[in-house]
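What follows is a set of notes on a single structure, which appears directly below.
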Amino acid sequence: MGGKNKKNRHGSSTAVQGATAAANRPRAAAEPRPGGEDAAKKQTPRNSNVAPGSKESNKQGPKTYSFASSSDSGVSVNHDKSVLKVVIEAKLEKRIISLINEHKKLNSNKGTVSGRLTSKKLQDLYMALQKLSFKAEHIEEAMTNTVLYGGDLHAALDWLCLNLPDDALPEGFSQQFVEEEQRARAKFQAPPQRPSAANESATEKGEEGASLKGNPELTMKEWILRYAEQGSDDDDDDDDVKEEEKETTLEKFDPNERYLELTAKLLDARAQATATKQDKDKQGQKEAQERIRGYQQEMKSLEDHPLFNPAVKIPEVKSESKQPKPALPPSEDEPLNFNLFEKKENAPEEKAKKKPPLDIRNFDYTSRSWTGKSPKQFLIDWCRKHYSKSPNPSFEKVPVGKYWKSRVKIIKSHDDVMCVCPTIVTEDSMQAQHLAATLALYELTKGQSVHQLLPPTYRNVWLEWSDAEKQVQEQNKTESNKPRDQFITKLLNKLKVQQNQLKSCSQTQMMEDPEDSWENLACDEEQHETCPSPLLPDDLEPIRNIFRKSRDSMKYKRLLNDREQLPVFARGNFILETLKRHRVIVVAGETGSGKSTQVPQFLLEDLLFNGGSPGKCNIVCTQPRRISAMSLATRVCEELGCDSGPGGKNSLCGYQIRMESRTGEATRLLYCTTGILLRKLQEDSMLKNISHIIVDEVHERTVQSDFLLIILREILHKRSDLHLVLMSATVDCEKFSSYFTHCPIIRISGRTFPVEVFHLEDVVEATGFVLEQDSEYCQKFLEDEEEITLSVTGKGGSSKKYQEFIPAQSGTGLDLGARYQRYSSQTRHAVLYMNPNKINLDLILELLVFLDISPEYRNVEGAVLIFLPGLADIQQLYDILSSDKRFHDRRRYKLIALHSILSSQDQAEAFILPPAGTRKIVLATNIAETGITIPDVVFVIDAGRTKENRYHESSQMSSLVETFISKASALQRQGRAGRVRNGYCFRLYTRERFESFMEYSVPEILRVPLEELCLHIMKCDLGSPEDFLSKALDPPQLQVISNAMSLLRKIGACELSQPKLTPLGQHLAALPVNVKIGKMLIFGAIFGCLDAVATLAATMTEKSPFVTPIGEKDRADLAKSSMAVANSDHVTIFRAYLGWKAIRPEGYAAEMSYCRKNFLNRKALLTIEDVKQELIRLVRAAGFECPRSVEANGLSSAMKALSAEETSLLKAILTAGLYDNVGKILFTKSVDITEKLACIVETAQGKAQVHPSSVNRDLQIYGWLLYQEKVKYSKVFLRETTLISPFPVLLFGGDIAVQHRERLLTVDDWIHFQAPVKIAVIFKELRILIESVLKQKLENPKMSLKDDMILNIIKELIKTER
């Protein structure tokens, strides 16, 4: 074989160029590197010369670890101010990392290792980390600490980012946040340029040696480095060269220059090894030895290169490089001698002895065996073709004793000369020239099959060189990968041992008895306290005695007369007889028939005196509303003659609602809300203590009532002694009957007076209302036009036809049908063009005036009830009536607005009878249909519109949609006018419109989210929610159920693999609130601020205490703004509540003054207080005790203002409960600083606007808003919002993803924060710590968390963020 010399004008070292190119190249994870085995240590171009090696690397490269780019995320970190930065204090960061590592040590056996883990997978993981430029020792440590415990590539990467110091992290993983600027690199000051003429290799090296000898102060190391750096003047100028020039540079690899560079590095490594040995630094010695071994292995491979020149070898290095193992560092008394030439002179005989023998060969061939070109001629022809402007190759004979070698010089260009000389000698000088030509072709045509065009003898030596080069590469590859392979083998053995140990442990555990679950550890007393069960089976004789005494009382006898006047009383015996023959019946009674009070009494009396068996006289009557349960129980107690009221000592009737229970030992008839009965089902799935269940108002089709019907139908199949009565106020009874196998229907007429009904056409005709063409209630798109065809005749008799729309002549209106012929043209015009989707307030005003001036109605005593769809319509009509002079006389008119958001004082006046001669006008929504009864209503004005809460699958949000009412609702509204006398109903829609109405409204189960319902299904072990709800009266869509289950899994209430509740889900099912609010309550208890969080939860489940009186909206908004704090509606409400609590001890007058000043509803505040106490009781009953000391360290008491730290903690818990209801504020900079722009927020489903009632309605800042609900009116609005910081989202939000190179931290793929990788990993690990604490607490609710280090450090972290 032979050696090669090359020179060019730049003289740059190929190795240095390769290293520079690798450093300047962007570090993309998917970029293949030559060799692919040890890219972190060896990025030399040595392997790039070998095509087969490169191909093998590309085909069998490791799995890549991909990093998303900024373009993928759509975020420019350094320029987008909306991407907030996340920073943790340095001291706190160290403490958190220490806590994370300590927790991992204590829980190191929790990981599950895959049984299919192979050495190939471990090798892929190792190489993936290696490609990210992590050091081998760090990779091994990371894999040892993660793979053994079930970790993968991401776990190993997280471990590295968390535990390595910042200066040990590769580029792109640095902790520094500042944008790195491009720095100008200092150029190497080159020595005087050498002559460009090509000199022979030996002569050139001899000159270098002479130069060295002439300067005794110049050490061998300096000479080596100088040799390697010669011609590197313009290294930096080559950064922008084209790709093809880079490839050409890599092809010009000179093993001699690389050998010298490695020699210098080897000497450095030895010096470092000596120093570390003196310092007794074992780790440093190990690292130095590894480097020495690597340098020697590569130097040995270079010595076998065909172009290697032995003259560059140093005797000391050469002798040691032949040793199979790296030499140990020299001892202290034998310092390293860098004057290698002096040693060389002192031992000439030793050098002569080590001179290798000559390789003598004969390459003779006959003209018969080869008729083609000779190698020399082939080389000349090849150079003429490829270097046409250069002279032919020149051959120089080199005598070696009696043998010959030949040196061939090829001038590729004026600054690029190639000179090669084989080490093989021949007896013939011509054969030597052919051999030199063959070697030159071998170097010039890498990867080509040129050897097939050469004579056989030279073809064989070509193949010999090629095989030797491949063998060296393979050996080098094996040697370089040997430490990695040894480590992987050891790690795999450890994994196998660990798996065997786990199998033996699991078998042992299976033999042991399992521990009781958290459910079995619950206290019986607490369960009874949470869900009292008043209906206890016992002897009925004492109950009969009580009933007999009650029937003898004067109150019972007096009210019996009133009961006998009710329509249902006459059907009492028939109802009882039918129920004895059938276990299920449907009672259809109109409003006022008395079914809700009388049917339960019929059953009670019959069970007590006509065959009721002991323990089987327990009647439960469900109501959809709390006020209905309370009022009905009170009325029934009076009719039964009980003086003590519901739940009294001798009372047979009681009630139970969410926050109140009035029952006693004698209670045998219980009125309760539907939700209470559902919670009883969680304790007793068969309702064994109940004999009769009455479900009232089933026509309302609430979610709870439909759910209850599914369960009751299942129970009826299993219990033959249970009876069910369904009571409805409408005629929609066939559907209920068919659902329960066509059970009997008993119809009862109501006790109502006749009601005369007028439709839109009658109202317009009677009032003489004129619909102006420019009125806002006139449909502009239905202009009085008609289509005509015009025929236009042109020149030459040609004609063209045009279609035009022209105003129609008066009297040519469309025919509305025969029923409208008796109405005037003015009425027909109004009916035709009036917009049916907009309530005509002008017409309502005219109608009220008509009722006052018409002789037929003027003297009719009674109130006017106007049904409107929402608060905005109520307020608008209220303003119109208040500003009209005709209604200024307070002695004649009393105007009342009735809505749940308005003050209770106005609503209370609706139930008070006004003085004679005063007409009461009540503006209300559909709450007045069945929820409340205004006793003196005679006139009803029905706008025919309502607002329904509907769930939109596309946007996954609920919205209030204004729509037409159903026929059932229209009849209910009509019936309100016939309670006391003959009434009148004015419908602001035509008769045709009424006939087109749906018979009934869409059931609520088809319109709302189903999370709470799914919780109850799983809590009661009723199977899969999808399967269970398919049995409903109207089954919801599977996608809606799937969305509900997805949310439950996201908040951790349900297991991922099966419909089974987690400990968190078990507790959420016991809390009568939305699942997100329930989670917030539990987090509040765990973090020691249950009182404050329960207050916020109460405001979310009820209504805001802030009120807006009619005509005082501006003042009310100003009062709320003055109380605003922390850019949060929730904290503002809490502040108002704290102020009210502080002022209460001063008396009622001070309390009312505070409420009036701040536009607060005192009743709402009292309700919030009651609900808060109930929620706290429920949470504590589940075992989440919150001692006073913990509360004191959490949030302030009611008498104290909130601090900034406490506000941060409260916001964090709000985020834990309400996430993923978050949105990004779209900051808009206003030109006019006085202008207030609406706050627009980008949510996961699209843009939305903060509701005008929020304190953040005009907030303009970079940040994120948490919102309680998203509703759709004319726009999509966010109600009850709070500005939150990054920490709560990162701690309690969705899945975290890290974009290392961009320093981006992403939550749920759309929420972005700027953060170094280490901080990102910290938050990922904190999530694991939080989950571990929650799991322990939820499985053992009585466990104290007062001194828990994890919770304390998380609270400290939250409170440090501003």
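In case you wondered, yes, glycine gets a Cβ from its N, Cα and C as well.
Features of the protein shown, as given by Swiss-Prot:
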COMPBIAS  1-10  compositional bias 'Basic residues'
REGION    1-76  region 'Disordered'
COMPBIAS  18-27  compositional bias 'Low complexity'
COMPBIAS  28-41  compositional bias 'Basic and acidic residues'
COMPBIAS  66-76  compositional bias 'Low complexity'
COILED    89-109  coiled coil
REGION    182-215  region 'Disordered'
REGION    229-257  region 'Disordered'
COMPBIAS  243-257  compositional bias 'Basic and acidic residues'
COILED    285-305  coiled coil
REGION    317-336  region 'Disordered'
DOMAIN    576-749  domain 'Helicase ATP-binding'
BINDING   Gly589, Glu590, Thr591, Gly592, Ser593, Gly594, Lys595, Ser596  ATP binding site
MOTIF     696-699  motif 'DEAH box'
DOMAIN    852-1021  domain 'Helicase C-terminal'
- Message: What residues elsewhere in the chain lie close to the coiled coil (89-109), defined as a C-beta under 8 angstroms and at least 6 residues from its ends?
- Response: 145, 149, 162-163, 1318-1319, 1322, 1325-1326, 1329, 1332, 1349-1350, 1353, 1356-1357, 1360
- For the domain 'Helicase C-terminal' (852-1021), the mean pLDDT of the predicted model: 84
- Task: Measure the Cβ-based neighbour count of Thr591 (ATP binding site), defined as the other Cβ atoms within 10 Å of its Cβ.
- Result: 20
- Query: Far apart in sequence but close in space: which same-chain residues, 6 or more away, have a Cβ under 8 Å from Lys595 (ATP binding site)?
  - Reply: Val568, Val587, Gly589, Asp696, Met727, Ile748
- Query: Just how many other Cβ atoms lie inside 10 Å of the Cβ on Gly589 (ATP binding site)?
  - Reply: 25
- DSSP puts the residues of the motif 'DEAH box' (696-699) at 2 helix, 0 strand, 2 coil
- Here the 10 Å Cβ neighbour count for Ser593 (ATP binding site) comes out at 24
- Neighbouring C-beta atoms (10 Å sphere around the C-beta of Ser596 (ATP binding site)): 24
- Task: Run through the Cβ atoms and count how many others sit within 10 Å of the one on Gly594 (ATP binding site).
- Result: 19
- Query: Tell me, how many other CB atoms lie within 10 A of the CB of Gly592 (ATP binding site), whichever protein chain they belong to?
  - Reply: 19
- Item | Same-chain residues at least 6 apart in sequence whose Cβ lies under 8 Å from Glu590 (ATP binding site) | Ala729, Ile748, Ser749, Gly750, Thr752, Gly975
